[in-house]
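Below: one structure, written as structure tokens.
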């Protein structure tokens, strides 16, 4: 499988509506993949200090990225593929979107929901000032760093 690299701004904007965010740190993930005996012989090298063989997959091999992605995809495959196929997934997503927009419209008409375009950080700052009415909290809510 090939995955397009997402833009950082899109990733950050997409996470503002979630309560929890997890990440998979793959900084040294290549070192977790053992080399086969044949691969060790192919990628061995000799220098002034002697003969060396890689026991674990190094980062610089041409197909290392593809192999690593396959290793990650295999256990996560059932989570990547929606249950019931893509057609039912699309239908569920459209139904959920329609329900959400209908609910939002009804709440807005009743006056229970005020449409807002706050970022997560602004909403957190406002919630902090409501829950902690001390002067320092109010000052923090009004403070903004500008460069």
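Here the Cβ of each residue, glycine as well, is placed from N, Cα and C on the backbone.
Database features (TrEMBL):
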COMPBIAS  119-129  compositional bias 'Basic and acidic residues'
COMPBIAS  130-139  compositional bias 'Polar residues'
DOMAIN    13-76  domain 'Reverse transcriptase'
REGION    110-147  region 'Disordered'
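Secondary structure of the domain 'Reverse transcriptase' (13-76) per DSSP, as helix, strand and coil residue counts: 26 helix, 8 strand, 30 coil. This prediction places the mean pLDDT of the domain 'Reverse transcriptase' (13-76) at 80.
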